[in-house]
């Protein structure tokens, strides 16, 4: 008889066509397509040299550069003119203030002093003249009286001498002359000493001619001292104003945008090369892993087919095969299912028939295809997501590297720093030249004011001395002049501390605007790869979702299987109840056996069919009185049965068929 089935070698010759290998090959194709697509997307020029040929931006940057320098020069000139005006105003106001205060109060003091001294001098002269007239007249009268008294006394003395001579009889003219000289009374020099000398009146006349020349000279000297430092600063500022462009700005050059653009192009192209290498390396390793998995799947398929052939052979040679179709199909199901065979036959695990049915339902050929599609789809999606992940990491690394060492950003930042340094240096130089002498000026003005106050005190003291009006004059001078001068001194100090030119630095907005220029920031260009990767990632997510749906459909078979079991159990229960009511148990038993395959109602209307022939079991041979010591299959000719003649195939024993 010609064999029309495939034996084991013929089956193994098609093992490479198993569904797992085919699906894995599709995964390889999918990865190759993804690799080529990523390389094509990465290789596209997101920037090229043509972008750097646009000179418009260079002209704009040059214009901004020149505008900044010109504005600095204009600001310097304006600042100098403004400061000169301020200094001239302060100088004139200070001179005017000093002249106003000091000149006014010199005039007032002169009037007060002159009026007071004139009154005092006139009174003194009148008193002196009156004293001289009165004292001299009195002295003359006293002199006349003394002379008369002296004559009287002398006459009296002469009489006394005559009487004494009369009585004594002796006469001496010398004694009479002696007494006359002693009794001669007169004011003599005392009369001249009583009158006030005429030199006093001469001194009074000279004192009338005093003046306030000291205060007037002090006013003029103070104005000259105060004006001198202001004049010095103003002259220096005028000289600087004429040389406003003498600061060296040759080291400041505008950003060369073309060079920066070419650097960006080269940097982006280098990053693209790195990303392409990452895609190639990752895909290469994934393809190697898939090749190993495919080889393993071939080995697994080879092993599965080999085991399946052996299981079928064991099933054919199985002696204890049930004598019913249900039992036969049950045994065939166990041998045909690798999982059930391993659990029951190899490990001897006792499994309920319903559990066996559920496992068979979920591991059927149709369900297995769905399961295989789901698993292989998940593997494919995971590999693609891993490839996209590695590319994403490479892009992030490149962007991070560019952020850490961005030459164009450093170029822009360096330009801004250089410009700000130039502005600060220029500002410092201008302030030193403009206001460097302001401190000296304020110091000189303060010293001048202090010297002026000292000289004023000396002048007032020299004029009024310890007179009764000296204290009042000092108080008036301090309240009217001294306090004002203290305010001037405080104003000079404030001027030295606060007057300066502030040149504004280049605003940070310009640096941010430079950062926003795309071809100056390669990391911004690299950000364009992220939307592409997101697009691929979304498509792979869709594939993963479809694969999960396949697995969900396969898992749904468990629910469907359990529902079928419950339906069969309900039908069996109703069929068993109907058969028992009819008075027989044979049908009920037949129904129980047959409900493992079909519905009872279908069995009643389905005609009986002759089953497939198979070898007799030991019980059947005993039933048919066959010797049980003979083998079931023996190709030798001496094992022929005496009951049945040999068939056309020599060496083959044909046993009765069990229908």
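Glycine residues also receive a Cβ, built from the backbone N, Cα and C atoms like all the rest.
Feature annotation from Swiss-Prot assigns topological domain 'Extracellular' to 1-21 (among others).
Annotated transmembrane segment per Swiss-Prot: 22-42 (among others), in sequence order.
According to Swiss-Prot, the feature topological domain 'Cytoplasmic' maps to 43-95 (among others), an assignment based on similarity to another entry.
What Swiss-Prot lists as transmembrane segment is 96-116 (among others), and the listing cites sequence analysis.
Sequence annotations record features per position, and here Swiss-Prot assigns topological domain 'Extracellular' to 117-285 (among others) based on similarity to another entry.
For 132 (among others), the entry in Swiss-Prot reads N-linked glycosylation site, with the evidence type sequence analysis.
Annotated N-linked glycosylation site per Swiss-Prot: 184 (among others), in sequence order, evidence recorded as sequence analysis.
The N-linked glycosylation site annotation in Swiss-Prot covers 209 (among others).
The N-linked glycosylation site annotation in Swiss-Prot covers 220 (among others) and is backed by sequence analysis.
The N-linked glycosylation site annotation in Swiss-Prot covers 249 (among others).
Using a 10 Å radius centred on the Cβ of residue 281 (N-linked glycosylation site) and all shown protein chains, the other Cβ atoms total 12. Per Swiss-Prot, the feature N-linked glycosylation site maps to 281 (among others).
When Cβ-Cβ distances below 8 Å are used as the criterion, the transmembrane segment (286-306) is approached by residues 8, 11-12, 15-16, 18, 20-21, 24-25, 27-28, 31-32, 338, 383, 386-387 of the same chain, each at least six residues removed from its ends. The transmembrane segment feature in Swiss-Prot is assigned to 286-306 (among others); the stated evidence is sequence analysis.
Marked as topological domain 'Cytoplasmic' by Swiss-Prot on the basis of similarity to another entry: 307-367 (among others).
Annotation source Swiss-Prot lists transmembrane segment at 368-388 (among others).
What Swiss-Prot lists as topological domain 'Extracellular' is 389-543 (among others).
The feature N-linked glycosylation site is assigned by Swiss-Prot to 403 (among others). Within 10 Å of the C-beta atom of residue 403 (N-linked glycosylation site) sit 12 other C-beta atoms, taking all shown protein chains into account.
Of all Cβ atoms in the protein chains displayed, 12 besides its own lie within 10 Å of the Cβ of residue 424 (N-linked glycosylation site). Cα to Cα, residue 281 (N-linked glycosylation site) and residue 403 (N-linked glycosylation site) are separated by 25 Å.
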